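First up is the structure itself, then whatever we jot down about it.
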Amino acid sequence: MNICVIGAGYVGLTTAAVLAELGHEVNCIDKDKQKIEMLNNSEVPIYEPGLKEFIDKNYNHLTFTDSLDDYIKRASVVFICVGTPSSEDGSTDLSYIDSVIDELSSRINSYKTIVTKSTVPPGTNEWIYNQLLEKGVSPELFNIVSNPEFLREGSAIHDMFHADKIVVGLRSGDHRSLAVIQEVYTGINAPYVITSLNGAEMMKYAANAFLATKISFMNEIARICEAFQVDVNDVAKGIGLDPRIGPHFLQAGLGYGGSCFPKDVKSLERTALSKNIQPHILQAVQTVNETQIDIYLEKLKTLFPDFTHLKIAVLGIAFKPNTDDTRYSPAERFIRCLSQFDCEIHTYDPQAKLQNPLPANVIQKDSITSAIRDADCVIIATDWNEFKQLDWPEVRQLMKGTIIFDTRNCLDRNKIEQYGLHYVGVGRG
Ligand code: UDX
């Protein structure tokens, strides 16, 4: 099949690479000329394990361009994968989608299946359909499908090939698009969930909001565990054995971040409010997440009543491991809050960097060793594997102090303490 993917961000690039690997002729389009130039020079603008290998491998039928003109006419399927960021009031900013509709409307000359992968609030795909009609596109020449993506950064390629489901939202009476989507995904073995356009949009928001709820719930449980000297990791392990609860997304810590959860929970809250529905749970989920950093700062203050002259090493800047993404990163927020105190902060992350302006007392280091040398305290702010597997005797030698503050509940306390270090967490007994 000849497929156009509009948008070369996380979702667009991964989709383009996977569709090319499935054997399709794929053209990935983005307005950002610099990004396209990089991609054409075999450079991938984001860090995502495996992505570059897949792009390189499929170069002969995967092209990158900054203009729709050459390719859209040949394509039978068009994937919309542009960003849908938050507006100031928390609702979803659809301006990128709007400009894609504009550009598409003047170029649809033969039948196209238009597939929205971008996360959009309920009602958006119906609106896209109507917009295209209003702009003069004949209803004989297109249909629209909502096909939200559930991939996680850091394992995006794996998640697309091993999807637990393929959600397909269709307009009522659309008898053609399902077969098109099934042809597109031939080679991916996953159950199809077929629903309406609004149903598919809602599924994406409900999934992200539910996962965010699990995290905030465990963060609240961790606060209660702290008061009773209980290890929240034990609680997570115990309750996770119940198949009705499941073991995933029960890790308490600094809170959730990234380009999806914070924006999507907020957007669903706004969507509910716009229909006069009080989103009590969604609001509580966000309150816990926003105050999680304060809990950790308070704990740090009980360890060091005076921060003056302290040297603190913070390991981790990205919002989670295996990515260089710092969007809504709790680790970055923590570093910036900490920098308001009179102390010196040395940070290190294997992939991510703090963006300017950098506070004067924050120094980015290029190795773990240089970050932790002479530190009074080492804080693990992102659960990268290499932080979990540190050589603790060496850490003990390099540090001035002995406190290891684990804000991700990812370290083995016993292992650390046998080398004379002191493990501190929240809700860890
Ligand atoms: C998420 C969804 O998982 C994915 O399905 C959707 O398509 C996009 O949003 P992603 O943002 O890549 O993916 O990250 P994810 O692995 O879900 O983690 C989100 C945040 O929650 C991270 O900050 C992570 O550190 C945090 N988290 C996750 C926890 O604090 N505890 C957990 O148990 C799990």
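Any Cβ shown, glycine's included, is placed from N, Cα and C.
Since we're looking at a predicted model, the values are computed, not measured.
Taking Cβ-Cβ distances under 8 Å and a sequence gap of 6 or more within the same chain, the neighbours of Cys260 (active site, nucleophile) are Thr119, Asn208. Annotation comment: TrEMBL describes Cys260 as active site, nucleophile.
In the three-state DSSP classification, Thr84 (NAD(+) binding site) falls within coil. Sequence-distant neighbours of Thr84 (NAD(+) binding site) (same chain, six or more apart, CB under 8 Å from its CB) are Thr92, Asp93, Leu94, Tyr96, Ile97, Ser118, Thr119, Val120, listed in sequence order. TrEMBL lists Asp30, Lys35, Thr84, Thr119, Glu153, Lys263, Arg327 with the feature NAD(+) binding site.
According to TrEMBL, the feature substrate binding site maps to Phe150, Leu151, Arg152, Glu153, Lys204, Phe249, Leu250, Gln251, Ala252, Gly253, Gly257, Lys320. For Arg152 (substrate binding site), the same-chain residues lying six or more positions away in sequence with a CB closer than 8 A to its CB are Asp159.
As annotated by TrEMBL, domain 'UDP-glucose/GDP-mannose dehydrogenase C-terminal' applies to 313-413.
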Give me the long-range Cβ neighbours of Glu153 (NAD(+) binding site): same chain, 6+ apart, Cβ under 8 Å, in sequence order. Tyr10, Glu48, Gly258, Ser259, Lys320, Asn322, Thr323, Asp325
Check the binding-site residues Thr119, Arg152, Lys263 for any whose Cβ is under 6 angstroms from an atom of ligand 1, and report them in sequence order. Arg152
Compared by Cα position, which of the binding-site residues Asp30, Lys35, Lys263, Arg327 is the closest one to Gly257 (substrate binding site)? Arg327
Between Ala252 (substrate binding site) and Arg327 (NAD(+) binding site), the C-alpha gap once rounded to whole angstrom: 20
